[in-house]
Amino acid sequence: MALNLLSSLPAACNFTRLSLPLSSKVNGFVPPITQVQYPMAASTSSIKPVDQTIIRRSADYGPTIWSFDYIQSLDSKYKGESYARQLEKLKEQVSAMLQQDNKVVDLDPLHQLELIDNLHRLGVSYHFEDEIKRTLDRIHNKNTNKSLYARALKFRILRQYGYKTPVKETFSRFMDEKGSFKLSSHSDECKGMLALYEAAYLLVEEESSIFRDAIRFTTAYLKEWVAKHDIDKNDNEYLCTLVKHALELPLHWRMRRLEARWFIDVYESGPDMNPILLELAKVDYNIVQAVHQEDLKYVSRWWKKTGLGEKLNFARDRVVENFFWTVGDIFEPQFGYCRRMSAMVNCLLTSIDDVYDVYGTLDELELFTDAVERWDATTTEQLPYYMKLCFHALYNSVNEMGFIALRDQEVGMIIPYLKKAWADQCKSYLVEAKWYNSGYIPTLQEYMENAWISVTAPVMLLHAYAFTANPITKEALEFLQDSPDIIRISSMIVRLEDDLGTSSDELKRGDVPKSIQCYMHETGVSEDEAREHIRDLIAETWMKMNSARFGNPPYLPDVFIGIAMNLVRMSQCMYLYGDGHGVQENTKDRVLSLFIDPIP
């Protein structure tokens with residue numbers, strides 16, 4: 001049974017001690033229908049198609065709200081050299097702050113920790129990775145201010161940057177003899193409790209009991225504090241804003257670029273605002289936005305050339321939303337190639353997902369799966385026209401990506417790994433299509449054994465490695481092909497978040513039952529109880545994800561580990577308020593703030 005922590009955890013998280021399958025094997029609703037005349041092949045062994053009327057589903061997604069001409073018209077003055085020079089001057093000033101005399105750092109490590117935290121939340125810490133690493137190396141073993149706030153902030157930042165700082169030794173003075181957290185009477189009580197709350201989300205699976213206690217303890221306090229603040233209307237509006245934001249979703253789970261945009265506004269009105277940091281954050285945000293605009297325009301031109309958005313009127317035409325995902329995964333300007341190629345992969349995944357979920361018949365889907373597994377452009381004559389379009393767009397794009405790796409790195413072995421990932425993806429889609437067509441409802445475990453693949457994260461992450469690694473190595477490709485924890489656990493959370501945000505809409509249009517419905521069918525609980533259970537699983541699996549950051553082989557670059565973490569954060573961002581991928585209105589304001597409107 002799930003622990004009854006719903007009242008003490010944020011909206012996006014509750015917790016229970018449950019297990020999800022971590023093996024890598026792949027193994028009745030009435031939808032709206034439309035009638036379409038289409039040639040259909042009867043089986044993979046039949047080459048001659050047969051004309052007949054096919055009853056097809058329709059999801060009625062609607063056209064994109066972002067026209068090609070509008071995207072191509074995007075422009076920014078922040079591409080200019082004058083802003084680049086301004087940015088460099090500001091970076092020099094901030095770098096000097098981080099490189100203060102060692103005696104100052106030793107005397108006041110809290111000041112440096114707060115500076116690092118602000119740089120991270122403002123979205124500019126990527127400029128100062130070396131300086132931050134040197135500072136944390138010095139601070140790591142230094143005694144810190146004994147307050148809960150100072151201890152918790154240090155713990156969170158060290159864990160955030162990969163230091164395995166011990167939890168019990170850090171917080172022992174704030175625990176009773178049973179190891180439970182206890183209240184103190186310090187003046188920074190709320191500030192300290194908020195810091196402890198945020199720090200708890202970086203705990204790992206072996207620390208789950210401390211996690212449960214810390215979240216229960218801090219959440220109850222913070223909710224009571226907010227309620228009292230709203231009644232008394234005291235002066236600490238800045239702290240109250242931070243607390244409410246954290247209770248909605250903890251910092252560790254948030255999409256970094258949107259968090260930066262939000263925090264820039266909040267920081268500007270804060271009591272300790274540093275004008276140099278603020279100016280740096282604004283200028284950098286606008287310069288990076290200009291880079292993202294050019295990336296988006298590139299992907300939009302590619303998408304138009306494929307013709308998939310126009311020809312596949314049953315599928316989601318969501319080039320902007322697909323690009324949004326990639327910015328959540330890796331926003332730094334130097335990774336434009338990864339963003340562009342990953343957005344192309346996302347567009348292909350979205351179209352093919354809709355082929356399996358919405359439009360294709362089971363016979364057609366078996367043909368398409370077989371074609372992808374064969375990876376032979378000469379054997380597609382038996383496919384209907386819309387599937388030929390999908391296959392050749394996929395085939396040409398992936399082969400082009402392989403060619404670029406060959407040209408730039410003299411590495412010619414990545415295509416077999418990429419095509420196998422796509423074949424596994426289509427096989428997992430086919431499993432769900434068979435479940436839907438037979439009316440079968442799997443157990444939650446059986447569903448998850450397939451669904452962590454069908455959610456597309458393994459394909460996305462394998463491509464992301466190929467787009468960022470230099471050099472690309474056979475050892476890494478073999479390692480990733482076996483679905484290590486960093487991929488499998490990331491995919492688990494993406495799937496569960498996806499199901500929380502989209503399952504109701506998908507069932508209405510006709511789709512396989514998701515994790516919520518599988519658990520309801522298996523246990524007989526209500527939908528609310530099932531959703532609470534899924535939130536519990538997300539919290540548990542996040543702790544496994546925190547563990548999976550460590551212990552990876554050296555041939556996996558740090559940037560790839562970051563993408564795997566950020567993919568999870570992006571899923572929580574995209575599905576926090578429903579289906580942000582399929583329902584464009586749920587994402588519109590965020591797209592405007594990230595890609596269209598500069599910060600004044």
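Note that Cβ sites are derived from N, Cα and C of the backbone, with glycine treated the same way.
The Mg(2+) 2 binding site feature in Swiss-Prot is assigned to Asp353, Asp357; the stated evidence is similarity to another entry. Among the features that Swiss-Prot reports, Mg(2+) 1 binding site is placed at Asp353, Asp357, with the record citing similarity to another entry. Among the features that Swiss-Prot reports, Mg(2+) 3 binding site is placed at Asp498, Glu506, with the record citing similarity to another entry. Taken from Swiss-Prot, the feature motif 'DDXXD motif' applies to 353-357. Sequence annotations record features per position, and here Swiss-Prot assigns transit peptide to 1-40 based on sequence analysis.
Listed as Cβ neighbours of the motif 'DDXXD motif' (353-357) (distance under 8 Å, sequence separation of 6 or more from its ends, same chain) are residues 59, 61, 312, 314-316, 365, 368, 386-387, 390, 426, 429-430, 432-433, 456, 506, 511. A separation of roughly 15 Å, to the nearest angstrom, links the Cα atoms of Asp357 (Mg(2+) 2 binding site) and Asp498 (Mg(2+) 3 binding site). Cα spacing between Asp498 (Mg(2+) 3 binding site) and Asp353 (Mg(2+) 2 binding site): 14 Å, rounded to the nearest whole number. All protein chains considered, the CB of Asp353 (Mg(2+) 2 binding site) has 19 other CB atoms within 10 Å. Helix, strand and coil counts under DSSP for the motif 'DDXXD motif' (353-357) come to 5 helix, 0 strand, 0 coil.
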